[in-house]
Amino acid sequence: MTSSATRFVDLTAAELVEHAIRRGEGTLAANGAFVANTGHRTGRSPKDRFIVQESSTENEIQWGNVNRPFDADKFDALWARVEAYVQSNDHFISHLEVGADPEHYLPVVVTTETAWHHIFAKNMFIQPKSYNSSDVPQWQVMNVPSFVCEPERDGTNSDGTVLINFAQRKVLLAGMRYAGEMKKSMFSVQNFLLPAKGVLPMHCSANVGEAGDTALFFGLSGTGKTTLSADPTRFLIGDDEHGWAPGSVFNIEGGCYAKCIDLSQKNEPVIWDAIRFGTILENVVLDENRVPDFNDTSLTQNSRAAYPLEHVEKRKVENRAGEPKAVVFLTCDVSGVLPPVSILTEEAAAFHFLSGYTAKVGSTEIGSTSDIESTFSTCFGAPFFPRPAGVYAELLMKRVREFGAKVYLVNTGWTGGPYGTGKRFDIPTTRAVVDAIVSGKLVGVETQHIDVLNLDVPVAVPGVDSNLLNPINTWEDKAKYAEYAAKLAADFTENFTKYDVSDEIKNAGPKAQ
C-alpha cells in the first residue's frame, strides 16, 4: 500500500455515507437514501461471469453458457494486478458473513474501492455481533469498479468480469459498478457448497406468521418475491436467498434488494418505509427536490433499493425460522393462460421447479432486447446454480416429502390474453391468493382440473373473483385461449426433454396435444 493510501476498516454506514458524498460517488436523496448510478451496466453481466476450473470443481460444476470455466493461472495473475491497484488507492474493508445459520455461515472479508459499494455490501451481507465465532475458513471478495480488464491479456470477455475461485475462496469483481453482482456471486458460492451439507439453497423469499408457519416464494426477478414476502401481517425472514436445512429455513443475506420500478407506498408499504438513511438507491432518478421518481425508467427498468433487514420493522430478528408449511412457485405468465393459483402434487412440484417457467420482467441482465419475455429458468434461478439441476430438485423433493410442505404455482402475470392484450393480475388479487395459501385455507379444498395444463385449480379462493380462477373464463375468444394453452403446453414439453427424471415427474407437467 502506498504511503498516501488509506485503508478504512469496519466503518459504520454513517461514516461510509460521509465518505461517499465527500468522494462524489452519488447524491443524498430527500428521504435520506444514497443514490448511485452504475453507468452502462444496469444489470448483471452473465457473459462476464466465470468460475475457476480446478480439481475441486472440474467434475462438480454444470459447465456451459451459465457457468463458464476460467483458467487458474489467469485468475492468479489478474487477482495480483487488481490487488496491487487497490493497495495503491484508498479502500474499504469489512468483516461480514453469508448465511444466518450458525452451522452453515461463511465469513467474508469484503474489500471495495468505493464507499457506496461498501454500504451495499454491509446492507446485503450479515454484520455479525462476533465475527467468525466458529473459526470457519474465510472468503475474500474484492470489488474494484474502476479497474479496466484487458481481455487478450486477462482472459476475460470484456473490460469487466466476475470471477469465483472455490479452491482459494476468492471472488473478484473488476470493472463492475452494478452492485447486484456482489450479492449474487456469494449466493452462487453458497449454492455450490450447501448441497454437499444436505442443505437446499433457494432463490426465494421467506416469511413466517405468528404461529411459526413459514412460507417460501420462489421466482425470478420481478415476479413478486420481494413484494409478496413484505407482508405487514407476517415477519420477514428475507427477500431473495435462503437455505432449507433439516429443521430450519435461514436467510443467506442480511438485507433486501428490492426493485423500485413503479414503487408506491400504497401497494408496497414495507419496502417504501425501508428506504431511508443507510439505504442505497441504484439507478433511481431524482426530481428537482431530490425526491425519488420511481416511475421514471429513463436509466433502467431495473432500478433498485438495497437496505438492511433492520429497516423492516416486522422481521425475524434471527434471520431464520422453522421449515415451511407452504412453498409457492411464482410464475409471470406472458401468454395469459395459467391460472392465478394451482395446487401441485409432489411430482408436479418437481416438474415445475425444474422447468422454472416465468418471464424476465424488466430484466436484471444487461443486453435484454425486451422488457418482458418468457423464459424457462431451472430452479427459478438458473444463473446462480453451479451444480447440475437434478441435485437441487432431488433436495427439494426430499425436503417437501420429509416435512409435508404444500406446494403451489401462483401466476403473477397475465390473464384474459397475452402480454399486450390481456390484463396483469393486480397486487391485491395476488396478495389475496397468497393470504389464502399461508393461512392454510387451500389445504384439502375442492378443485377443478385443467387438462391441457395438467393443473388442479381451487374452485374458490377467499377474496378472489371466482371467474379468475379458471383462465378460460377471462378470455373473450375461447378458441384463442385453447390455441395459446396448447402452445404453452408444447413449450413445457420441449423444454423438459433435457431432464433425465422419472416418468412420474415427466407426466406431471402440461400435456402437449
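Every residue, even glycine, has its Cβ placed from backbone N, Cα and C.
Feature annotation from Swiss-Prot assigns substrate binding site to Arg44, Tyr178, Lys184, Arg304; the stated evidence is sequence analysis. In this structure, Arg44 (substrate binding site) is part of a beta strand by DSSP.
A sphere of 10 angstroms centred on the C-beta of Lys184 (substrate binding site) encloses 25 other C-beta atoms. Summarising the annotation, Swiss-Prot assigns ATP binding site to Lys184, His203, Gly219, Leu220, Ser221, Gly222, Thr223, Gly224, Lys225, Thr226, Thr227, Glu268, Arg304, Thr430.
The Mn(2+) binding site feature in Swiss-Prot is assigned to Lys184, His203, Asp240; the stated evidence is sequence analysis. DSSP assigns His203 (Mn(2+) binding site) to a strand.
Rounded to a whole number, the distance between the Cα atoms of Ser221 (ATP binding site) and Tyr178 (substrate binding site) is 15 Å. Least crowded of the binding-site residues (Arg44, Lys225), judged by neighbouring Cβ atoms within 10 Å of its own Cβ: Arg44. Closest in space to His203 (Mn(2+) binding site), of the binding-site residues given as Lys184, Gly219, Thr223, Thr227, is Gly219, taking the CA atom of each residue. Listed in sequence order, Ala179, Gly180, Tyr257, Ala258, Lys259, Cys260, Ile280, Leu281, Glu282, Asn283, Val284 are the same-chain residues six or more apart from Arg304 (substrate binding site) with CB atoms under 8 A from its CB. With Ser221 (ATP binding site) as the anchor, the candidate binding-site residues are Arg44, Lys184, Asp240, and the one with the nearest CA is Asp240.
In the three-state DSSP reading, Thr227 (ATP binding site) counts as helix. If you compare Cα positions, Thr223 (ATP binding site) sits closest to Asp240 out of the binding-site residues Arg44, Lys184, Asp240.
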